[in-house]
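Peer 1: Not my notes, these are from TrEMBL:
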- 26-43: transmembrane segment (TRANSMEM)
- 63-84: transmembrane segment (TRANSMEM)
- 150-169: transmembrane segment (TRANSMEM)
- 181-201: transmembrane segment (TRANSMEM)
- 222-240: transmembrane segment (TRANSMEM)
- 252-270: transmembrane segment (TRANSMEM)
- 277-298: transmembrane segment (TRANSMEM)
- 304-323: transmembrane segment (TRANSMEM)
Amino acid sequence: MKPIHLQKMTTFHWTIGKSSKCDSKVFIWPSILIIEVLVYSSYGIFINLSRSDGNLEYHSSSIWFSVELLKLGLALLLAWPEILNQVSLFSKTKSVLPFCIPALCYCVNNNLSVYMQDQMDPATYQVLSNLKIASTALFYRLIIKRRLMTLQWVSLGILMFAGGLNSYTGLKAKSKSLQDIHISALGMVMAAIYCSVSGFSGVYTEYILKKDAVIPLALQNCYMYIFGVILNGLLMLYQSGDMKIYHSFTKYTWAAVISQAFNGLAMSFIMKYSSNITRLLVISSAVPVTAALTMVVFNMKAGLDFFVVVFLVVLALCMYNSYSIGKRRSMSKESFV
């Protein structure tokens, strides 16, 4: 793959708000990011609230088939103006087929994320999810040829240490209640697979979204979500053997479906018009938010060691993003001279 330049932004530039010409857009990015952090943080909460007598009564594929179907419907709605303008939904096969790869990765990871809830508490799930920063950085280097600064490598080391400390604390836990920080050995293996696949799929998705920049995002989303509906539908048929998928859904299950549909659309927007660095900002910012929500909703009791982990994760995030954000700011100042 040829390296592509990811610093170029479209109309939605990080300098929004620095010019009077962009006053109407000054709240677009902050609003998207704040809402996205809240949505991303809510996933584990909704999944655990949807339990019946402590068990998940539905198959993972049923919830993600519903999510992909809803995302496809919304993407088609957004792409409708392009379709009316006689833009073919499948104009080029070579532009469509690459989206089956991230769709397969997301299918694996999304279903895995449901079963991870049985192996750890929501706060630990959110903390360990941040290890995808390391895998994202690795695949950024391999796929997009972006080199990391020394400070970013140090931040990744801090992040790995925080993840290890949280896992060690969770493994020592005697209780598997949602009121306590806990994780199983299987949960650690699942987290490692989840973060590795997530890192690759995130970077590859950004690559193909920006490689064919002339194709509207709504159409690109349609390509990916069609594959997502097919893959999750086949998995659902394999798991359940029928299409009776909603009999065990609760209001919290539907809340998870709606929130994750929004999450998918928002993440594609972020990767199209910004980068995976912004995506990681959302993921890492969700750690303290998820911890706070878990404490309130499930009355979770967290010790000092967990707050140390949260602090280290936030510190690693600030260090990792400081160079990229500083560079963008210097570029934006030059552009307004």
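Yeah, the Cβs are placed from backbone N, Cα and C, and that goes for glycine too.
Unlike curated records, TrEMBL annotations are generated automatically.
Explain the structural surroundings of these features, please.
Peer 2: Within the chain carrying the transmembrane segment (63-84), a Cβ under 8 angstroms from the stretch's Cβ atoms is held by residues 107, 110-111, 114, 216, 218-219, 221-222, 225-226, 228-229, 232-233, 235-236, 245-246, 249, 253, 256-258, 260-261, 264-265, all 6 or more beyond its ends.
Sequence-distant contacts of the transmembrane segment (252-270) (same chain, six or more residues past either end, CB-CB distance under 8 Å): 32, 35-36, 39-40, 42-43, 46-47, 49-50, 58, 63-64, 66-67, 70-71, 74-75, 110, 205, 209, 217, 220-221, 224-225, 278-279, 282.
Away from its own ends, the transmembrane segment (277-298) comes close to residues 33, 36-38, 40-42, 44-45, 48-49, 121-123, 125-127, 129-130, 132-133, 136, 178-179, 202, 267, 270-271, 306, 310, 313-314, 316-317, 320-321, 324 of its chain (Cβ-Cβ under 8 Å, at least six residues beyond either end).
If one looks beyond the transmembrane segment (304-323) by at least 6 residues along the same chain, the residues whose Cβ comes under 8 Å of a Cβ in the stretch are 123, 127, 130, 133, 137, 149, 151-152, 154-156, 158-159, 161-162, 165-166, 169, 181, 277, 280-281, 284-285, 287-288, 291.
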Peer 1: Who are the chain neighbours of the transmembrane segment (222-240) in space, where the CB to CB distance is under 8 Å and they lie at least 6 residues beyond its ends?
Peer 2: 59-62, 64-65, 68-69, 71-72, 75-76, 79, 89, 95-96, 99-100, 102-104, 106-107, 110-111, 205, 264, 268
